[in-house]
Amino acid sequence: MIDYGAKKGQPSWFLAFQLTGSVFPHCFLIVFPISVLSLVLKILHDQNVFGEGHEDVVTGFYFLSDGAPWGGFSGFVSFVIVFRLSAAYSTYWSAYTTANAFLGDWSGAAASAVSCCRGSKCSDAKVEVFLHKVIRLFSMLSACALQELSPRKSHQVWGLLTLNSVGIDEKSLAYLDGSNQRVDLCYHWIQQTVVDAQSDDLFGVPPPLVGRILNELSSGMGKFGDAKKHATTQFNFPYAQTCKWLLILYSVLMPLMMVRWSDWASGAFIFTFVQLFFIWTLEAITIILENPFDTSDRNCIDVFQLQLSMNGSLLLLLNPRTRAGPPELSQSALTGDVTGDYEALQRRDTVHKAVLKQEGWQLTDEHELGVSFENEHQRCCCCCSGQQLPKEIARSKSYCRIRYGIIDNQKTAAIAIGVFGDDLIIVVPPTARKLKTSALIIVQSVSGRATKVGVKKISIQDRHKLHKEHNWLPDDYEKFLFEYQDLPAAVYKAGGWIMNLPVASVRRQEELAVEKRINEAKQADKEGLGIDQLSTLVTFEDFIDKLMQEAELTREEANLEWNRRKHLPTEYDQDTDPQGRLIIELNMDTFKEHLAEVKKREQTRIKKLEDARQQIQNALDHGHIEPLAKAIQVAEVETTMSDKELQEAKDRLTSWRLVDGKIQEAIAVRKEGVIRNALREADEVGLKNATWNAASELYRQLVIEGAQAHLKDALEMGDIEHLMVAIEKAEKDMAGISDKGLKEAKDRLVTWKEAQEALCQACESKAPSELKGSVDMSVAIGLRSRKVALAKQLLAEHCATELEELDTAMKAGDVEKLAAVLADLAEKNVLAAEDMKRGNERLKAMQNAQKALQEGLSSNSLDALRSATEMAEEAKLQGATREEAERKLQELEAASELEAALQEADRMEAQKTVLPGEANARPM
């Protein structure tokens, strides 16, 4: 049967869209064409294709116009279908009840048979023969009963799984296989076996107790008869035929009614589909329920699971731990004090709690885990929509170690973290292939390497299926590659989402073997094949040849696979052929799929490793810190890169970060030498990130600024030797960076050298014109060498009279005289340009001062005259205009002082004439 209960994390309405086991697809194929017909008829009716009014051949009948006949007919059809559905459901439920009842009786009879053998006086070997024989017979009895209830022919031919029926003698098996009353035959065999055991004094109990075995066996046979009645007796044929014709007629008339009653074509389609769809689903459900043991339908009773449950119960009876006897009281249970023992008996406890205490499970708080539960709890509350982490978890020092088990059908190592709420949280290797019910988290290994582990949640009861030891081959299970530190704290920090993980299944190898047989049986049932046709047993030679030819393995690899399967008898069928040779199961299709999966995983692992190495190398080539750190993290967590490779990359990353810090400090200092040293260290370790770019740009800027400053100083100094040194230094410092300002400085140097050469020639010839031209050119280009000074001195000696005349005119302060002297000197062209410039500047200043004096005199303004007088003083202007302006200034200042004195006297006089009352009333 289908378990359609909502899974954890799955909405409850999800089953409404589930197609597995649903009758909706089948009913849709029936109803959809009829609904389309209703739509077409409505469209044609609206276009009066069938006539108008009572002449309409589709809707002109009385019973289509009046809803009463149709309503009665619809109610009748619904009643007939629902009545049959009710009877079918009663049949289904009774069949399921009686099937479990007779299996329960036979399981109880087998348990009684095993229990009655305790204390037997016969030899242990004889008791074991009886027990193994009777357990096999009970398994065969239940299998024959269930396959007889099922209408599937394959069940009756190939049978259901039993407990090593090969252990029964060949003649008996052949007789049973050819019998038409297999259940009665097995039932009689068990009766005979019990009676023979009683006659041989095999039981250690009185005969009345032995009769209980036969009573339970007989009771189960009676209930099997009831179940057979439900399985083989079909529903009344005339009633079923009537229901079918009613549905057909109802489906034919429904489109005609919808054409009459609906106003829209879409309404005709929708209402036809809805009414017919659900009435046909009821019919389909009825047919399913009337055949409760038809395993071709997933909604029927699963005889495979019933037989599996029966076999499990029988195996439990012969388990050595079960047969060891009832449990013993512990020494602490009874102390000899009757009252104290009675009071101790009244203490309430549970079996599970007692076992957990014995295993050493204790609550752990945040101090032991090293995690702040309050903070983590608050963080979980704001980001998790599911359950919240408990504030305390249960841990056991003896249990929370590496254990081994089959989790989600995957052999793997596991480490128990603790009991979170009602479930046990474990971690598994990240290489586990089936991580659908888990999630990966990043943890730290003992060596400090960041890596991943898978987190899973299992039932607390399933912890008994995790063992301390195993007998698996190294390649058959997933193992941890590292030792981890602080796993509980890391899992707890992962957040409350771990509480929402689905519960993973933990299974024993025996359970997987049984499930394999059941799946083979179901496949055989589906394809009409025998189980032996699906499971092929081959000898060693054929095994090796097939793997070498079809799977392209080497002989050594094929030998390893043979030895591996040889040590896993519960996973792979093993037997001996008539020659006594070992034969082992080999399904090439399954093996090829497994081999392809292994190769794919290996290729994926290699590709991840190569990609991680390439990412690290790219980051090293580009010299960027963040990409390198990310690449190292990916390689560390996602791949199996060696610690040596990772450490080399980490060392480079550490050196980069150290140099990056030095570069940032150098940028803050903004000193050329410090930045140069930091960049040199960066070049040595290969760092070329954004900080390096910023430092390089700043270094180029500082170098350019320094070179420009040196060139500027040399140009201002006007010395050829200093300029040559500055150019040489700038070329060296700015090599490969910039040539800004160098061309200008070099051009200036050439000009200076030409001027220097002209100065030398002028000084040698001492000709006034040459001296004047060379000096003027030198002054114009900013040359200030000793030759310039010498040339100026020589020129001054030749022009002493003219200079004296110019100085005299400048000291006289007469504008007209200075202008005349300058005009005469300009005509003679004997003074140096800078001397003429000095005289012209003085003349201009004197002219401006004279103009200001004239404007001040005309405006009669005290401030204008005062400003003009100051300008005349600075320009050393003399003459009548200045004298007149100064006199006028004195008069204006005296008049201003007199006016101020009169105003002050008036104010004082006004204060003396104020009345006392007015003085008091005047505001402060």
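Glycine is no exception: its Cβ is also placed from the backbone N, Cα and C atoms.
Bear in mind that TrEMBL entries carry predicted annotations, made automatically and left uncurated.
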Task: Segment assigned the feature region 'Disordered' in TrEMBL (from 337-357, 568-588, 904-924) - done: 904-924
Task: Beyond the flanks of the transmembrane segment (268-289) by at least 6 residues, Cβ under 8 Å - done: 23-24, 26-28, 30-32, 34-36, 38-39, 41-42, 77-78, 81-82, 84-85, 88-89, 91-92, 243, 247, 250-251, 254-255, 258-259, 261-262, 297, 299-300
Open item on the list: Limited to the coiled coil (592-619), I'd like the whole-number average of pLDDT.
Closed with: 87
Task: DSSP residue counts for the region 'Disordered' (869-892), split into helix, strand and coil - done: 20 helix, 0 strand, 4 coil
